[in-house]
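Straight from Swiss-Prot, the features:
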- 1-20: signal peptide (SIGNAL)
- Cys39-Cys57: disulfide bond (DISULFID)
- 172-203: repeat 'PbH1 1' (REPEAT)
- 204-225: repeat 'PbH1 2' (REPEAT)
- Asp218: active site, proton donor (ACT_SITE)
- Cys220-Cys236: disulfide bond (DISULFID)
- 226-246: repeat 'PbH1 3' (REPEAT)
- His240: active site (ACT_SITE)
- 255-276: repeat 'PbH1 4' (REPEAT)
- 284-306: repeat 'PbH1 5' (REPEAT)
- Cys346-Cys352: disulfide bond (DISULFID)
- Cys370-Cys378: disulfide bond (DISULFID)
Amino acid sequence: MILTRSVVLGFLGSASLALASPVAELAEGSRLTPRGSACSYSGTSGAAAAIAGKAGCSSITLNNVVVPAGTTLDLTGLASGTKVIFEGTTTFGYKQWAGPLISISGTNIQVSGASGHLIDGQGSRWWDGEGSNSKTNIKPKFFFAHSLKGSSTITGLNIKDSPVQVFSISGSSGLTISGVTIDNKNGDTNSLGHNTDGFDIGDSDSITITGATVYNQDDCLAINSGTNIVFSGGYCSGGHGLSIGSVGGRSNNVVETVHISSTQVVNSQNGVRVKAVSGATGTIKGVTFQDITLSGITSQGITIRQEYTNSGYTGSPTTGVPITGLTLNNVHGTVTSKGTDITIECGSSASCSGWTWTKVAVSGGKADVCKNAPSGTC
């Protein structure tokens, strides 16, 4: 087909008009995100824009983002190698709901906090002393680190005033968390903060947490299931200490090859704790606590029990979750006079076996309570 001069000029004129048409101004927080670009989001619409554009970003910077009430900052399914950077202060609208407030997943993901940043849960809006036990005041969990694979990292985050549990680590492997600070000290006021666990780990492999500082009102660390887990260089204050379990009653009931070391537990309810669910089945094997310093422990310096239930301990330990290969090396410190130095409640000598305890010295509390404890322990 031969185009006449008038047709060509008409076509070019139309194209020129189209190019000259004004482009609508981008709303606050939104960015055009061609695949592999560095994306930045801010303000009240930043969360929605980040969620919509995440697939096309090689890096995502969140600057003073305000996440709407009842909305998860959903950064799941990120492209491999994506970097996520928190800048300024990240806040969340108030609503009674289960959360989470933040969720991130992917392979080789790098999450970090810029200098001076803060992720502020403003938990006092929910705190009522009941934590996640309330049926009327539902509180959002904070940060789901689920299905983070490869060599993913979470580095240098500053988190304040979580409504309830902070980090839920599930279905992840090869994840390293370093230099995280969780400051829930405000929850101590009138004992309103509750169930504010620092790190809950389940169904995960090869998880490393180093240099964490945790002020809270529940477990600093709780490993409910998982293998090849390292926690070192931690500081835990005000909560329930370092916990294995409770183990049992879940789809995955195996905790194996865990090394917890060089950590201080201060002004907490418990120091070192291992909990097996009464009547359940599972495995706790190859757990080591090394170079743990305790001070101001109010209830149990070291407690290892096979009769845990949600309502407390039954006093009649069972044997379905054997605790084997447990090592305590240089675990030392003080318990208050109303607490107990060491409690061991095992269902039988066979269900608690292969333990190695060296340089264990806990004092200041009531006399040890020991049932079917391996020799050389208490």
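Yeah, the Cβs are placed from backbone N, Cα and C, and that goes for glycine too.
Overlay of Swiss-Prot annotations on the structure.
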| residue | record | Cβ neighbours (10 Å) |
| --- | --- | --- |
| Cys39 | disulfide bond | 21 |
| Cys57 | disulfide bond | 25 |
| Asp218 | active site, proton donor | 26 |
| Cys220 | disulfide bond | 28 |
| Cys236 | disulfide bond | 28 |
| His240 | active site | 24 |
| Cys346 | disulfide bond | 26 |
| Cys352 | disulfide bond | 27 |
| Cys370 | disulfide bond | 15 |
| Cys378 | disulfide bond | 19 |
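Averaged across the repeat 'PbH1 2' (204-225), pLDDT for the predicted model comes to 99. Listed by sequence, the residues of this chain that lie at least six past the ends of the repeat 'PbH1 3' (226-246) yet keep a Cβ under 8 A from its Cβ atoms are 184-185, 188, 196-199, 201-220, 252, 254-277, 284, 287, 289, 292, 297, 308.
A separation of roughly 7 Å, to the nearest angstrom, links the Cα atoms of His240 (active site) and Cys220 (disulfide bond). Taking DSSP states H, G and I as helix and E and B as strand, the repeat 'PbH1 2' (204-225) has 0 helix, 13 strand, 9 coil.
DSSP assigns Cys352 (disulfide bond) to a strand. Cys346 (disulfide bond) and Cys370 (disulfide bond) have their C-alpha atoms 8 Å apart, to the nearest angstrom. Rounded to a whole number, the C-alpha distance linking Cys220 (disulfide bond) with Cys57 (disulfide bond) is 34 angstrom. Of all the recorded positions given, namely Cys39, Cys57, Asp218, Cys236, Cys352, none has its Cα within 10 Å of the Cα of Cys378 (disulfide bond). Put simply, Cys370 (disulfide bond) is 12 Å from Cys352 (disulfide bond) when counted between their Cα atoms. Taking H, G and I as helix, E and B as strand and the rest as coil, DSSP gives the repeat 'PbH1 4' (255-276) the counts 0 helix, 19 strand, 3 coil.
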